[in-house]
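*Asks:* Encoded as structure tokens, here's the structure I'll be asking about.
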Amino acid sequence: MWKLLPAAGAAPGEPYRLLAGVEYVVGRKNCGILIENDQSISRNHAVLTVNFPVTSLSQTDEIPTLTIKDNSKYGTFVNEEKMQTGLSCTLKTGDRVTFGVFESKFRVEYEPLVVCSSCLDVSGKTVLNQAILQLGGLTANNWTEECTHLVMSAVKVTIKTICALICGRPIIKPEYFSEFLKAVESKKQPPDIESFYPPIDEPAIGSKSVDLSGRHERKQIFKGKTFVFLNAKQHKKLSSAVAFGGGEARLMAEDDEEEQSFFSAPGTCVVDVGITNTQLIISHSQKKWIHLIMDTLQRNGLRPIPEAEIGLAVIFMTTENYCNPQGQPCTELKTTTPGPSLSQVLSANGKIIPSAPVNMTTYVADTESEPADTCMPLSERPEEVKIPGLEQSSRKLSQETFNIKEAPKPSSKANNVASDTLVRGKTPSYQLSPMKFPVANKNKDWTSQQQQNSIKNYFQPCTRKRERDEDNPELSSCKSSRMELSCSLLEQTQPAGPSLWKSKEHQSQNATLDREADTSSVGGMDIELNRKSPDRKPLPTETLRPRKRKDVDLATEEEVLEELLRSTKPELAVQVKVEKQEADDTIRKKPRMDAERNRPLNGGSEPESNSALQEDEREKKDELQTESWSTKHEIANSDGLQDSSEELPRKLLLTEFRSLVVSNHNSTSRNLCVNECGPLKNFKKFKKATFPGAGKLPHIIGGSDLVGHHARKNTELEEWLKQEMEVQKQQAKEESLADDLFRYNPNVKRR
């Protein structure tokens, strides 16, 4: 940075440090550089400016330029030569500057300020560069002999640290230059540099007391030693530190012909390559050559020198324990000196590499399309029912894993809920048999809680699309959730009559699976699969239910259902209460169109009860079951299964899924609000807000609306302005007369 110092023999004074980008005015009153007791100094005598472009901030061979401009009456002299008034001149370090004709003499000097930083983050480097730029200094990326300071937040053993210690340069914190800049701006003394020494943060040093100040012993620490490098990367990294310490760095290649006595000569230190380092790429022949040199050293009782010993020898200022081939290796040395630092190499090499192969075998469900998306034949379904409890739970878990794996995974909780729903939809045969659900024999509280959760689970978003929705767009998700709800409600009533269901199951196993398995989604998926691939063999006629027995089975199922409802009245009271709380809104909003259109199958079959509460609960239960059975009956008689094609199976049931959510109907029913007085129009309607000028033309001001403005003359203001002008003219005349009195020209030529 530039400084303006009083010349020898002149009046003593403090040096002026000049910041970059600031104009310093030299004068005798109200200026940056004040010179008093000199009548030849003008008020604005000269201007000093330091210009420092940002582009050359990292170029250590360029220094900022200092220019001076003369604005005085009696002149400014540079090296005893008078400057021309109004022109600028570039100053060099050591130039003598005289302001006026008396003893106001100064000299300018440039104090080098080249800063090198190490282990600083991006924000720290930005703040440091701004402070160095204002101080007129330079920044360097690599350490050179011109560097004056090393900036580190914490001392680590790096190449820059070793070079700074050898060159005797101070290692300081980045906050030092911020405080130095504030002191220059306020014209105070610079801060003490010793109070800005950073702490030592290096595991290789530990808690030992280390003197990091500039010591002369470090400049000749490697004098008389020759460091032999067997790797070019090591030579490039450490050769500068060896050269600064007075030693010689030599790079040896495989082609060089040197006698074996050269490596064992006194003062020769062979730097250990570190073949185990994964960052080094060494060929097989080079490894063989390195092993040959190491064997030579071992035969002579010598050892290779690790990289880190070069830095430790500089820090502790000794070569007896470090960098000594004849000495014992340091046991406390655990790391090598890396390029950036000891700590940074750990993070650079910290790649996770497994030492041994780990058994990562994972058992998942079969993900082939046909076993996952299709179903088993109806004759094989009873074998699946007879799975024990443990295998059944593991099978459910594997199906849940398979569903979650294909899902986009919005959250773990949502995936679990959705996977349970998908498992229930895929294997609905578990829902109607009491032998497949031993969990239903628990207490009533758990049963009601399970029913409440099952109702809630139908409104969770599904994370995986079903193939049957893509193949058959006629089946909607609303129908599926509605059908699943009816099945789950029937599931809650099964512990009352296990013997009835068992006898019913034995009767239906002679021909095919029971009626409940036919109403599951498996049957629907079989029909859709056969429709999709006609070349598949149709099911044998022995497994199909005859048409004449359809009505008999329906009547039998109605009787079984009535027996279950009579035997489970206490449980229904608890279950319907929970059902009423959770599904009251959705059931109340559901249209009654399906129930009115279809013939009810079990209406009026139950006996009347004395309690009004049980009647309401039974009506709600019958309504849900009526819709589910009427849906089955309607789908069974639908035209979709009466296809004339011989390839498709006939006399089967198609499962249709119903939803508790009401679909959007015509808009007229929504716009009408039913009241006691009749239908009223919906009052929650909004109309567009009108904007200015929408209905008529805007009102334009003009013509007679404009009134002319006549300015009146203010005589008092004019008189005051005239008086001020006269006062200013009088003051100017007085100042010119005063300047004429102080004019002195000793070189006036007389005629």
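Just so you know, glycine gets a Cβ as well, placed from its N, Cα and C.
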*Asks:* From SER398, SER476, SER644, pick the one Swiss-Prot annotates as phosphoserine?
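*Replies:* When Swiss-Prot is consulted, phosphoserine appears for SER398.
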*Asks:* Of SER433, SER533, which does Swiss-Prot mark as phosphoserine?
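*Replies:* Among SER433, SER533, the residue Swiss-Prot annotates as phosphoserine is SER433.
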*Asks:* With Swiss-Prot as the source, identify the stretch among 8-17, 98-107, 118-127, 738-747 annotated motif 'FxF/Y motif'.
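*Replies:* Per Swiss-Prot, the stretch marked motif 'FxF/Y motif' is 738-747.
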*Asks:* Mind checking how the domain 'FHA' (24-83) divides into helix, strand and coil residues in DSSP?
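*Replies:* Within the domain 'FHA' (24-83) the tally stands at 3 helix, 23 strand, 34 coil.
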